[in-house]
């Protein structure tokens with residue numbers, strides 16, 4: 001699996017370099033779920049596909065920007081699912097964005113998730129790698145990823161990052177969010193899931209939520225290459241996740257590679273409070 005991680009690092013570095021002079025315009029194409037693709041979405045996907053295709057340990061790849069699974073080496077063990085550029089719609093305002101990766105063994109499902117990674121393209125290039133404990137790495141002047149620290153969630157946080165169009169929220173969710181603000185929580189929502197999860201993780205706690213809404217009853221975030229890898233990282237850091245019903249997002253099973261789900265990530269206090277609010 002270390003070979004797979006090494007190739008992911010190469011792809012992340014190439015994307016980071018390309019971001020220095022990006023084309024932020026939209027293409028004429030849409031991805032499988034109907035999102036209009038930025039030209040840099042397509043370029044990032046091409047970079048990752050090209051790089052991971054050179055790794056003999058990868059059986060197949062699944063991308064947010066591809067309609068179907070792409071088989072690379074049937075004799076290999078690992079399947080890599082990824083969002084090549086999460087938050088790409090924020091490129092024109094120069095917000096921090098990132099890439100998300102899940103490494104599955106033999107079959108793509110949460111039970112077979114062996115490692116998860118995400119990169120942050122911000123003021124500096126950082127990479128979080130998680131097999132057992134999430135570890136933060138930072139690119140140095142020699143183009144090497146240097147270990148910075150292990151990441152761990154506190155029992156309770158102060159950050160409230162809540163997505164979904166508010167007018168379409170269910171009453172129970174609106175009430176839950178209001179109660180958090182009444183407790184003194186701070187709104188921190190950028191529109192890039194990876195950036196918001198990263199802030200909660202590095203600050204040690206809080207909650208990220210993207211609930212079921214009237215216009216998206218199954219949520220909008222994709223299980224295999226967004227929800228599962230970030231849930232894996234949060235839970236390995238001591239946090240909790242749920243879809244509002246299950247005790248963990250990693251209990252969920254889906255047949256379609258572009259399946260979506262409501263999702264909540266956070267410290268133990270916030271997720272326990274949410275489950276109570278959702279099941280009263």
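Even glycines carry a Cβ here, placed using N, Cα and C.
Swiss-Prot names 83, 85 for binding Mg(2+) 1. Of 64, 65, 68, 74, the residue it gives for the same site is 64. Here the CA atom of residue 64 (Mg(2+) 1 binding site) lies 10 Å from the CA atom of residue 86 (Mg(2+) 2 binding site). Rounded to a whole number, the C-alpha distance linking residue 83 (Mg(2+) 1 binding site) with residue 189 (substrate binding site) is 19 angstrom. When Cβ atoms from all protein chains are considered, those within 10 Å of residue 220 (substrate binding site) total 20, not counting its own. Taking the Cβ of residue 87 (substrate binding site) as reference, residues of its chain lying under 8 Å away and at least six apart in sequence are, in sequence order, 95, 96, 97, 98, 190, 191, 192, 193, 194, 195.
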